[in-house]
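Here's what TrEMBL has on this protein:
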{"type": "SIGNAL", "residues": "1-23", "note": "signal peptide"}
{"type": "TRANSMEM", "residues": "280-302", "note": "transmembrane segment"}
{"type": "TRANSMEM", "residues": "346-370", "note": "transmembrane segment"}
{"type": "TRANSMEM", "residues": "376-401", "note": "transmembrane segment"}
{"type": "TRANSMEM", "residues": "413-437", "note": "transmembrane segment"}
{"type": "TRANSMEM", "residues": "449-472", "note": "transmembrane segment"}
{"type": "TRANSMEM", "residues": "500-526", "note": "transmembrane segment"}
{"type": "TRANSMEM", "residues": "532-560", "note": "transmembrane segment"}
{"type": "TRANSMEM", "residues": "572-591", "note": "transmembrane segment"}
{"type": "TRANSMEM", "residues": "603-632", "note": "transmembrane segment"}
Amino acid sequence: FSFLQERLRYMLLLLLFLHGADSFYVPGVAPINFHRNDPVEIKAVKLTSSRTQLPYEYYSLPFCQPTKITYKAENLGEVLRGDRIVNTPFQVSMNVEKKCEVLCNLPNKPVTLTVEESKLIAERIREDYYVHLIADNLPVATRLEFYSNREEEEKKKEKDVQFEHGYRLGFMDGNKFYLHNHLSFILYYHREDVEENQEPTYRVVRFEVIPQSIKLEDLKADEKSMCTLPEATGSAPQEIDPSKENQLLFTYSVHWEESDIKWASRWDTYLTMSDVQIHWFSIINSVVVVFFLSGILSMIIIRTLRKDIANYNKEDDIEDTMEESGWKLVHGDVFRPPQYPMILSSLLGSGIQLFCMILIVIFVAMLGMLSPSSRGALMTTACFLFMFMGVFGGFFAGRLYRTLKGHRWKKGAFCTATLYPGVVFGICFVLNCFIWGKHSSGAVPFPTMVALLCMWFGISLPLVYLGYYFGFRKQPYDNPVRTNQIPRQIPEQRWYMNKFVGILMAGILPFGAMFIELFFIFSAIWENQFYYLFGFLFLVFIILVVSCSQISIVMVYFQLCAEDYRWWWRTFLVSGGSAFYVLIYAIFYFVNKLDIVEFIPSLLYFGYTALMVLSFWLLTGTIGFYAAYMFVRKIYAAVKID
């Protein structure tokens, strides 16, 4: 208990400190002040390619190495993303220019790449790999300037600037490979306000690089490891011939510029997205869809149901109404427990777990706590939250299982704790074996895997059992009508009441409300972009919840009107219909946007897509199920049953 008090006191102090700070900084990321000549460490993160989807660590290629290689201790999210942050031999000092310096080996002894190393570099260049470095936790970016479609006069003045994350390892011209062996670093600093007699302090606010390929003979280097760069027009690029040994020099230059950008907004460069309008367009489009749905729903519920209930509750002509109307006829069967109640309640429990986790993650990210500057924080938070939300998943699953006349609560709890996480772990393990085979840093190391298993069986499983125990002991949901002894016969259904037609019809509206946001999420996952518009995502998530609930109510109403009372499983399946469209969209994205050709990257893409689709189906199915269940209980509570 004293430990808890200590933690609370610490958190209060932290909150007071944050409150007292002049500007709002993301918790856990404090600015570093540098004086002139202070070393600014440049670290390497990884090599990535959107063509192979396999990250590699920096020293998997024969780059210059420092005397002692030290890897940064990483959080769970960084390990899962394939980041392996390591020191590099670049010597950069605050506000100190460097014209050109040789990185390793003496100028009279250039680096010799063996045939194997040359082959590897050529292969990585062909696969379109990018190198990611960081300085003071800021990722390196390559500036891309291009003219936008403006008027001719304005063209001369204004270029559009966009940034590419990392820099290209090299380029191809015909069948020849060229390596970027000279890096021109451009670092921007912001001078902080200090008192008169104090030494000025600086903060790093941007980190750019201009990669160049310069032939060994054109880099004139002296004994002090200094070199002179050739004129831009006269230099030839450094070719890497994969069939023989290659000699080259790795060189770099450093240029500092003062900037008006404050430290707090230094990430804005990386996150500038030119299409915020698209997001607003998408939100407005979604809101219109939801209003349209709400209109239909209100019409159905208010007009039709009131009429139905008024008719049912008229004592005199009850015989007539019994003949013509639909949903009251199945009152004795509507709450009949479905087949496989344990599996249904387990899947819904996992859906609740996912729902709570996603809601909290998006909300916290929207407040700026999980910005891209805290690397891997989003993944770590999501993993831990999913574990801890097990208690809610277990509670809802246990209570529903009790309502569906289930008795084996221990087996039910085990099923809830292992069914969905087991599928996820199984798919990830198989994919991980393939990534291991490629020696990629994206492979989850064995100790991390053991740690994840310990979290699953040490945190998630006991919490699910705890929640399930209390949910199962709690009073079951109160169903307003009794179930008959003998099941009623179901009339033959029309073709449009088919499950698959229902999935197609129910999925299109929720998917339409969120597919533009889906494009940006896919770009962030598969093309190494930053995704940070969590405010938009939160709005889209709310719209998704509302539209799923509404479509589910409409579908269950039509089903009961057709005198088909088997709605439990069907509602769960049909409400998750938008997951089918997500799958179709993922295939479209793969074919049109990514140029993945090899087997293992394709396997990774479809493996992870299958996990996303499964999770999305559980999430939307759960939302739809609970909305429909509340609706069914409401309407049957409103009619008088003899």
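Just so you know, the numbers here start at 1 and follow the chain as drawn.
Backbone N, Cα and C atoms are what each Cβ position is placed from, and that goes for glycine too.
Counting Cβ pairs closer than 8 Å and at least 6 residues apart in sequence, the transmembrane segment (449-472) and the transmembrane segment (500-526) reach fewer than three and form no contact. Using the rule of three or more Cβ pairs under 8 Å, pairs at least 6 apart in sequence, the transmembrane segment (532-560) is in contact with the transmembrane segment (280-302).
Residues of the same chain lying 6 or more positions beyond the ends of the transmembrane segment (572-591) and with a Cβ under 8 Å from any Cβ of it are 344, 347-348, 499, 502-508, 510-511, 514-515, 518-519, 522, 526, 544, 548, 551-552, 555, 602, 605-606, 609, 612-614, 616-625, 627-628.
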